[in-house]
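See below for the structure under consideration.
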Amino acid sequence: MGEKTSFQLGVVGALFLSVASSVSIVICNKALMSNLGFPFATTLTSWHLMVTFVALHVALRFNFFENKPIDMKTVILFGILNGVSIGFLNLSLGFNSIGFYQMTKLAIIPFTVLLETIFLKKQFSRNIKFSLLILLLGVGIASITDLQLNFVGTILSLLAIVTTCVGQILTNTIQKRLNISSTQLLYQSAPFQAAILFVTGPMVDQFLTKKNVFAHKYSNVVLGFILLSCLIAVSVNFSTFLVIGKTSPVTYQVLGHLKTCLVLGFGYTLLHDPFTSRNIVGILVAIVGMGLYSFFCTHETKRKQLGDHSSTPQVREKDSSTPLLAGKDGYQDKENHESKKLSKISLV
């Protein structure tokens with residue numbers, strides 16, 4: 001019982017850290033990119049990962065965690081995949097309208113459910129699917145403004161969806177099958193993610209912004225915000241791996257849409273961004289969807305724990321999913337509309 005309570009507290013802590021750090025970095029990046037004129041999102045993300053690796057290396061030296069060797073081929077492919085997914089997300093935003101980009105982000109949840117159903121043999125109940133539908137509807141109402149299709153943008157969006165979903169599923173699968181912690185996986189993969197973005201980032205940013213990151217004038221204020229963004233990114237990257245490891249890719253995406261609603265709210269109250277009745281209605285619908293999702297997950301988990309084999313659990317396998325505030329056996333940018341529109345950044 002004590003172990004279960006400890007795990008629940010760990011899940012709550014991971015979720016809180018993820019939300020707090022993600023909202024903080026969105027506000028920081030908005031100031032950096034919109035107010036200070038630093039639009040180089042992909043390059044900035046590579047710096048985030050480099051600082052994350054350095055921070056974890058220092059933590060390793062002080063024995064805050066134990067390094068566990070992982071098959072190098074697995075780590076390299078995993079790191080490259082996550083780095084490529086960030087590049088595709090940024091390119092998708094560059095070639096598509098804000099509305100179509102939001103549709104791309106929304107499509108990650110159903111596509112993740114589809115992939116887990118086909119390849120991992122997970123089974124999601126009708127109640128879970130219904131709650132996810134309500135959630136997606138709410139976020140769509142709150143954030144989608146326009147839809148403009150083009151061939152190149154559509155292809156890039158599909159590639160972004162596939163690579164993001166596969167990367168997040170692998171984050172969960174690798175941690176559980178190799179019995180490694182989120183810190184150990186992040187420490188091993190961060191250098192490869194950083195390397196792929198460090199090489200391709202300046203080219204992607206110049207293509208999207210028509211500006212050279214190395215020719216930018218770096219004032220003390222800009223350098224200060226870049227440093228602050230990198231420090232917050234350590235928490236963002238760590239909490240991302242932690243949440244996916246403790247819960248599942250689907251729950252992480254649900255949490256991501258909660259961040260979207262929160263940042264929209266913070267943008268209105270703190271930054272005086274435009275806020276309409278449509279935003280309010282969308283956020284309320286999304287909150288209902290998130291509430292239903294957590295309720296159904298918790299209810300089905302309890303039924304499973306009571307040994308009610310006649311019920312249809314959300315996931316029928318050893319590594320089951322975890323609801324937003326449930327126990328162990330239950331179920332990286334661009335976190336929101338504002339960060340996509342103003343920051344053009346996707347964090348791992």
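Using N, Cα and C of the backbone, Cβ positions are placed for all residues, glycine too.
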Would you mind telling me which of 127-145, 184-202 TrEMBL tags as transmembrane segment?
127-145
In TrEMBL, which of the ranges 13-35, 151-173 has the transmembrane segment annotation?
151-173
Run the contact check on the transmembrane segment (74-93) against the transmembrane segment (127-145): 3 or more C-beta pairs under 8 Å, excluding pairs closer than 6 in sequence.
no
What else in the chain is close to the transmembrane segment (224-245), if you only count residues 6 or more beyond its ends and a Cβ gap under 8 Å?
14-15, 17-18, 20-22, 24-25, 28-29, 31-32, 36, 38, 44-45, 47-52, 55, 168, 171-172, 175-176, 181-183, 185-186, 190, 218, 251-252, 255, 332, 347-348
Local confidence of the domain 'Sugar phosphate transporter' (21-294) - pLDDT mean:
86
Top stretch among 38-62, 99-120, 127-145, 151-173 for CB pairs under 8 A with the transmembrane segment (277-296)?
127-145
Other than its close neighbours in sequence, what residues sit by the transmembrane segment (127-145), given a CB gap under 8 Å and a spacing of at least six beyond its ends?
97-99, 102-103, 106, 109-110, 113, 250, 254, 257, 260-261, 264, 278-279, 281-290, 292-293, 295-297, 300, 314, 336-337
Where else in the chain does the transmembrane segment (151-173) make close Cβ contacts, counting only residues six or more beyond its ends and a cut-off under 8 Å?
78, 81-82, 84-85, 88-89, 91-92, 95-96, 100-101, 103-104, 107-108, 111-112, 115-116, 120, 185, 240-241, 244-245, 248-249, 252-253, 319
